[in-house]
């Protein structure tokens, strides 16, 4: 035989990230990380995480939550909960993804008995992706509506306005009349939102969706098309789009902030936002609200962080990235509060009413109050366009993450069939979710959106996060998990992370879960109360994601052999091929456990390829030595 053939057989089957695709050999191509895709630039991962975490909630939930829960004093529980819940879970998710290079389903090779946790995650993310893109569709609608010299929600007298409509110039003259949230008058922006955009008067409730609003339907189609084109090539394409979508909102936010603080009465709003009321800290509700804000703002439990980290190189410094993203996210929320409340302060002065009567959260702020404030500022269409363009970029990169999570999770389960057809598979998922979201474009679609928002990612998401935390620390083992991180980063997590993972984080999350169940309140939209069947449907959405866990356990146990207890034990142990995806990163217990592995000493392979021993190889040798010493102690 010619000499190159046996030489090629001695090479590791799975090539390193530094090897070009043209130099791959072996016919196990679909198991190569190149085929799976990797970040192509140094900042792709970091910007994707920032774009994913910094979303609509930072603008429309945080400022409102801060002012209702003690103003500046809210920052105390906020940062404490960030330290106890946010940062540890964030780092755990990134570590799991980067160590295994697997999506949120396949990562459960760590303990196949709990694969149902991954299934629950995918169900939650799918439901959230359906309604999140509808919010982006509303933003697109307003974005197009801002391309005019006179904003359509500026005055009354349009066909959708009623006799109750009163615009702010008249309100200012009449001084005692209140603009929003009062029975006898309604602002033009509120009627534009409810009667023109939603056309909610065409529906009597959630059971009567009415007709499809075709302009909303086209906006939804456009938003799905944008998302699909951006995730077409996986992280290779979305990783480049985030250079714009993750950074541009900051530019607009600073512009809105400068414009806001220069308005008359802005200080009134900022004072209202930040005046500390320390007596609120004695209330458990404030601490719960802080934890919820951290939990949803960082996007833990949705699988997005794990998915993004799975496209990293094995030694990427995710420890540093964790602190950059989590603290950056918190600072963005605080900054957004200044931009929002400075404008609300000006608006309250213009209308002659207290700030708390114009302040709102959620869609009410984005589509009613802020657009109304824009009509009071010179060059209103320009500022309106900027505001909605910021919301669009904030929403899009979060949606990229949801879609990448779903696609990655399923393609990692069926790499041979789906990975070569990833673009087509992404199209199928986008079309399916678009069709499911069509009910949200009807006249009663807002009721369905509220139902999805309230229940899809409520207690089910908390159960998923608690389960992940407990499985990694109790079933897989804290010692083993810390050793994996040591292999990957060159150091073990300190006592702060270990204490949070073992006790503080799961205990806090369980407290949150119990509080959510005890303080359960039925959904409502304005004065509309949801019927019992809608409540039951909502609760079932949450319960279904939790039920995935026992269902997954049953499947895992049935696939094993022996008595029931033996089956449970076998199913809870890591799978044979669990570990780093590249052969040269597999040391100690992970040596030669890859399918088709031909090199018993990956470290030697690495040395032969790159020459010399780097600090990471030293770490690998240390980890191996530690494990050998532990084995000797056990045998003695």
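We number each residue from 1, going along the chain as drawn.
Glycine is treated like the rest: Cβ placed from N, Cα and C.
Curation does not apply to TrEMBL; its annotations are automatic.
Per TrEMBL, the features are:
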| type | residues | note |
| --- | --- | --- |
| BINDING | 51, 54, 58, 297, 329, 394, 397, 398 | Na(+) binding site |
| DISULFID | 156-165 | disulfide bond |
| REGION | 1-31 | region 'Disordered' |
| TRANSMEM | 45-63 | transmembrane segment |
| TRANSMEM | 75-96 | transmembrane segment |
| TRANSMEM | 117-144 | transmembrane segment |
| TRANSMEM | 241-258 | transmembrane segment |
| TRANSMEM | 290-311 | transmembrane segment |
| TRANSMEM | 323-347 | transmembrane segment |
| TRANSMEM | 382-402 | transmembrane segment |
| TRANSMEM | 423-449 | transmembrane segment |
| TRANSMEM | 455-476 | transmembrane segment |
| TRANSMEM | 496-518 | transmembrane segment |
| TRANSMEM | 538-558 | transmembrane segment |
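Structure with TrEMBL features highlighted.
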{"residue": "51", "record": "Na(+) binding site", "Cβ contacts under 8 Å, 6 or more apart": "242, 245, 246, 397, 398, 400, 401"}
{"residue": "54", "record": "Na(+) binding site", "Cβ contacts under 8 Å, 6 or more apart": "246, 249, 328, 329, 332, 394"}
{"residue": "58", "record": "Na(+) binding site", "Cβ contacts under 8 Å, 6 or more apart": "297, 329, 332, 333, 336, 394"}
{"residue": "156", "record": "disulfide bond", "Cβ contacts under 8 Å, 6 or more apart": "165, 166, 167, 188, 191"}
Quick one, of the recorded positions 165, 394, which Cβ has the fewest other Cβ within 10 Å?
165
Ranked first among 290-311, 323-347, 423-449, 496-518, 538-558 for CB pairs under 8 angstroms with the transmembrane segment (382-402):
290-311
Can you name the far-off residues of the same chain, 6+ from the ends of the transmembrane segment (290-311), with a Cβ under 8 Å from a Cβ of it?
36-39, 45, 48-49, 52-53, 55, 57-58, 61-62, 65, 69, 74, 77-78, 80-82, 85-86, 89-90, 93-98, 100-104, 107, 118, 121-122, 124-125, 128, 235, 318, 325-326, 329, 333, 398, 401-402, 404-405, 408-409, 457, 461-462, 464-465, 468, 508, 512
Find the member of 45-63, 75-96, 323-347, 538-558 that has more C-beta pairs under 8 Å to the transmembrane segment (496-518) than any other listed stretch.
75-96
When counting Cβ pairs under 8 Å to the transmembrane segment (75-96), the leader among 241-258, 323-347, 538-558:
323-347
What is the Cβ neighbour count of residue 397 (Na(+) binding site) at a 10 Å cut-off, with all protein chains included?
25
Selection from 117-144, 323-347, 423-449, 455-476, the stretch that has most Cβ pairs under 8 A to the transmembrane segment (241-258):
323-347
Tell me whether the transmembrane segment (423-449) sits in contact with the transmembrane segment (45-63), defined here as at least 3 Cβ pairs under 8 Å among residues 6 or more apart in sequence.
no
If I count Cβ-Cβ pairs under 8 A between the transmembrane segment (323-347) and each of 45-63, 117-144, 455-476, which range comes out on top?
45-63
Neighbours of 51, 54, 58, 297, 329, 394, 397, 398 excl. site residues, C-beta within 8 Å of centre, Na(+):
50, 52, 53, 55, 56, 57, 246, 249, 299, 332
Is it possible to get the count of other C-beta atoms within 10 angstroms of the C-beta of residue 297 (Na(+) binding site)?
24
How many other Cβ atoms sit within 10 Å of the Cβ of residue 329 (Na(+) binding site)?
25
